[in-house]
Every structure is written in C-alpha cells, then in structure tokens.
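Colleague: TrEMBL lists these features:
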{"type": "DOMAIN", "residues": "40-490", "note": "domain 'Major facilitator superfamily (MFS) profile'"}
{"type": "TRANSMEM", "residues": "41-63", "note": "transmembrane segment"}
{"type": "TRANSMEM", "residues": "83-106", "note": "transmembrane segment"}
{"type": "TRANSMEM", "residues": "113-133", "note": "transmembrane segment"}
{"type": "TRANSMEM", "residues": "139-160", "note": "transmembrane segment"}
{"type": "TRANSMEM", "residues": "172-190", "note": "transmembrane segment"}
{"type": "TRANSMEM", "residues": "202-221", "note": "transmembrane segment"}
{"type": "TRANSMEM", "residues": "347-367", "note": "transmembrane segment"}
{"type": "TRANSMEM", "residues": "396-423", "note": "transmembrane segment"}
{"type": "TRANSMEM", "residues": "435-456", "note": "transmembrane segment"}
{"type": "TRANSMEM", "residues": "468-486", "note": "transmembrane segment"}
Amino acid sequence: MEPSAREPLVRKTSSSYRTFPESAPRRLDKEYLQSLHNKRLYLAAFAAVLGNFSFGFALVYPSPVIPALEAHPSPALRLDQHTASWFGSVFTLGAAAGGLSTMLLNDRLGRKLSIMFSALPSALGYALMAGAQGIGMLLLGRVLTGFAGGITSASIPVYISEISHPGVRGMLGACPQIMAVLGSLILYALGKYLGLVLEWRWLAVAGEVPVLVMIVLLCFMPNSPRFLLSQGKEDEALGSLCWLRGKDTDYTREYEQIKDSVRKQSQRVSCAEIKDPFIYKPILIAVGMRFLQQLSGVTCVLVYLQSIFKKTSVILEPEYDAALVGLVRLFSVAIAAVSMDKAGRKILLFVSAGVMLASNLTMGLYIHFVPVSQNSTIANRTLVSSANLPAEPTNYITLIPLLATMFFIMGYAMGWGPITWLLMSEILPLKARGVASGLCVVVSWLTAFTLTQFFLRVVEAFGLEVPFLFFAVICAGNILFTGCCVPETKGRSLEQIEAFFRTGRRSFMRSFRR
C-alpha cells in the first residue's frame, strides 16, 4: 500500500490503544458480520453461562450462611472462626483442582462436554450442603461446588470465544461475568429470606436449579467449530458454524479462515514450543492477569462481604448492603458488556484498576483513622465473630465503607472482572488453549484460596485496614501491567490475534505509547 493511502488510516486510529496493524490479513468485513443471524449464537452462549450463574451462586454462599451457622444450635454444625475461615476458602481450593482437571478435559472432551461434566460435582456438592449433618459434609460440598466452578471458569470463556465472531465477542465475553454476578445477587436476595438457622439448607437446594437447566439446554447446542476442526471433524465443524451463523450467510468463508488457522498448528503444544514467543507470551499475559485480578482482593470481599459490613457497622443492615453491592456489580458488568466492543479492552482495564485503587485506599484509610467508637461497637481485631453481636451505627460517616465497597465492585465489574476472562480466551493460541486456560484457573484460585484463608488471620493480627491497603498497592500494579503488557483485541478475529503473536511485529510498549 502506498504511503499516501496509508497515512489517513493511521491518523484515524492513533488515539486508540492499537496493538495490531490495520493491514492484518483475512479480516472479516463488516458486511459479513452484519449479515449474520445471532439468535442461535446467543442461545448457545446463554446455555453455557448458566454454569457461571451457578458459580457465582456458590462462590458467595458463605456470605449469608456463615452468620446463620455461627448461631446454629447444633454443635456439629456450629462454626467458629477457624471453621468459618475454611468454609469460606475451601471453595477456591476445589476451583483450583477443577482448573487443573480442565487442562485435560478441555482438549479431550471438548469445551461443551467439559461444561456439561461440571454439572455432576456441582449437583452433588449442593446436595451434600442441603443435607449436611456436620461440618465435614459442608466442607466437602464446598469443595465439590468449587471443583465445578473451576471447570466452568476455564471452559465457558473459551467455548463462548470460539463460537463467537468479532462483532459480538466482546459483549458475549462479558456474559459469564454478568451471570456470575446475577447468581451472587440471587443468593443475597434468597439469603435475606431463607438464610436463618435451619432455612439456609434451602439455599443449597435452590443452587441445583440452574445446574439442571444448563445440562438440558447444552444437550441441544453445538460444539466449538475450532475444537471440532482440531479433532479432524470437518463436516461437524462446518455444520456447527452453519447452525451458529445461519444457512443463508457466507459462513463458508469464515470456516475456511478457521480451518487454515487450525491447519497451521499441531494438535498439541510440545515442550520445545513453549520457548516460542507465540506460545509463552500470551500464556504469561493471561496468567499474570488472573494472578493480579485475585490479588486485588475481590474474592475476599465477596466471600466475607456481610461480615465486613458488620465490622464497619454501616447504616443499613448487612444483608441489604450485600444486595445493594450485588446490584451495582450487575449494572457495572452490563456497562462493560455494551462498551467493550466500542471503547476497547485496555481503556476499561485502566479505568477499572484506577477505581479499585481509589476504593481500596479509601476503605483502608477510613478503617485506620476513624475512631472505633464511630466506626463500630465491635473490637477492631475480630471479623467473623461479629456475626453474633449487634451492629449499632452511630454516624452517617459509616456510609463511607459501603460507598467504597460499591465503587470497588463497580470498578472490578467493568474491567478486571469480565475482561480478564475474555482476554484469556482471546489471546491464548488454539494448540495451547485447553491446557493454558486450565493453568490460568489453577493460578487464579490458588491465589484466591491463599488470600481467603489468610484474610481473617491478617485482620485478627493487624486490623481490617491492612488487607485493603495491600489491595490498593496491587491495583496500582494492575495499571502498570495493563500499560506494559496487555494487547488491545477489539474488533480482531482469533486468527488475527494469533497471527500477531506469531509475527511479533510491534511490541506492547510501543503500541501503548502510540
């Protein structure tokens, strides 16, 4: 292309965070994308993300249940600080195990069957918690639901990314996070009315419903065309893409592009290929984002949300505070879903990390400087045990922790929540996508387990402000990581993204500076 023809295009896009050259080959044109019928694609995505609904429901299950079990009349089910800590954190240990198993399941069973397989441990886990006669059954139920959550965390984003086209991939990529938030919100709402002493069992029964609906719907959904092609099932792959895009569209052109990309790659990544920047760079970026996402403190906040609100003694009751935070989270993820394909991934990550930084810093400084007499009627060295003591707000200044938490969740939900999952499924190369997505989940949930396990101990030893100040420092690191390492993938096909990492024609830092 001549320079005179190239310059206007460069000027037009210089204000965005560009990573890929505009002349990337085989770009799907807008006319084709606009001609596609997305109804079946949306249905397949909805069926899959029901697994994320169940995941969000199970993740925050301890929030209303811990206070109820701390006051349980039966010693076999009554939680103390030690067992409550395990009840909150062991879910993440199960999720790490689920992510580890997905490293095998994603490439052996496929994305869709892996999601369907997760229904088995999920249903069994909820059944154990619903009929629990002791703490052991509760913990085992948490491990099993966590295991299912680890599988869905690794499989669903990859499945949605591979069945989507660039025109809607950003929006659909946010759907797993939206459904996880919706699941948490439903749990908070049900917990307000059912989470009393014995009635908490019905929360576990309610968790079975989305699992059963998911397994039924997925029976009628197609597998990922990219996975089918990687298994040599060309006719099935073509039929799958036809079902997703519509018979009267030019889907064969997209099929040939996908087929060409799959043909260039071997079935599985070898140890020698790990040294190739095409392989290790996207894996390091994806793993780094999952690690930093958890270090920002979101899992600790969600798991111990009601207990934190009791500790800071905000104006409203903790149950209402938790539901309000859930609504803010849902609204923020919806904003991200709408704007992700317009504003781009990187700008949302910057805004997200900045809001989380300010919120964590505000929370930490509030707890540190506001006198205990104004902050709470409860000692500053306990958290879980506060469930048995009345919260007595004495000043409107106690709205600060509620607002800080709302802004933290809002910041997380509009960027570092959904986009880390979306980018993981976008930038990982096809030959390593199954294994690498499982690795990301393992790292993510091992980090979450460590944080949730030590969160209460740090609070007891140093005070509640210390974790939040630590989370603020991590959020500052998130901003630097986004600027230095994260590529902009808006409007690019998965094949274009792979081509960029393969050629490496522009470094991330130079792209960021432009």
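Just so you know, glycine gets a Cβ as well, placed from its N, Cα and C.
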Colleague: If we skip the immediate neighbours and take only residues 6+ beyond the ends of the transmembrane segment (113-133), which ones have a Cβ under 8 Å from one of its Cβ atoms?
Modeller: 48, 51, 54, 58, 61, 76-77, 98, 102, 105-106, 140-149, 151-152, 154-156, 159, 201-202, 204-205, 207-208, 211-212, 214-215, 218-219, 223
Colleague: Taking pairs 6 or more apart in sequence, does the count of Cβ pairs under 8 Å between the transmembrane segment (83-106) and the transmembrane segment (435-456) hit 3 or more?
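Modeller: Between the transmembrane segment (83-106) and the transmembrane segment (435-456), contact is present.
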Colleague: In the same chain, who gets a Cβ under 8 Å from the transmembrane segment (347-367) while lying at least 6 residues past its ends?
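Modeller: Beyond its ends, the transmembrane segment (347-367) has Cβ neighbours at 17, 296-297, 312, 336, 339-340, 375, 380, 400-401, 404-405, 407-408, 410-412, 414-417, 419, 463-466, 468-469, 471-472, 475-476, 478-479, 482-483, 486.
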Colleague: Which residues, given as numbers and ranges, are at least 6 beyond the ends of the transmembrane segment (202-221) yet have a Cβ under 8 Å from it?
Modeller: 43-44, 46-48, 50-51, 53-54, 57-58, 61, 64-65, 112, 115-116, 119, 122-123, 126-127, 129-130, 141, 145, 183, 186-187, 190-191, 194-195
Colleague: Averaged across the domain 'Major facilitator superfamily (MFS) profile' (40-490), what pLDDT does the model get? Just tell me the whole number, please.
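Modeller: Value for the domain 'Major facilitator superfamily (MFS) profile' (40-490), mean pLDDT as a whole number: 81.
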Colleague: With a Cβ cut-off under 8 Å, give me the same-chain residues at least six positions beyond the ends of the transmembrane segment (435-456) that come close to it.
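Modeller: Contacts with the transmembrane segment (435-456): 81, 84-86, 88-90, 92-93, 95-96, 98-107, 146, 150, 153-155, 157-158, 268-269, 282-283, 286-287, 290-291, 293-295, 297, 299-300, 303-304, 383-384, 424-425, 428-429, 467.
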Colleague: Do the transmembrane segment (41-63) and the transmembrane segment (468-486) share at least 3 Cβ pairs closer than 8 Å, excluding pairs fewer than 6 residues apart in sequence?
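Modeller: No, the transmembrane segment (41-63) does not contact the transmembrane segment (468-486).
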Colleague: Taking a Cβ cut-off under 8 Å, which residues six or more beyond the ends of the transmembrane segment (172-190) line up next to it in the same chain?
Modeller: 41-42, 45-46, 49-50, 52-61, 63-64, 156-157, 160-161, 164, 202-203, 206, 210, 302, 319, 322-323, 326-327, 329-330, 333-334, 336-337, 340, 413, 417-419, 421-422, 425-426
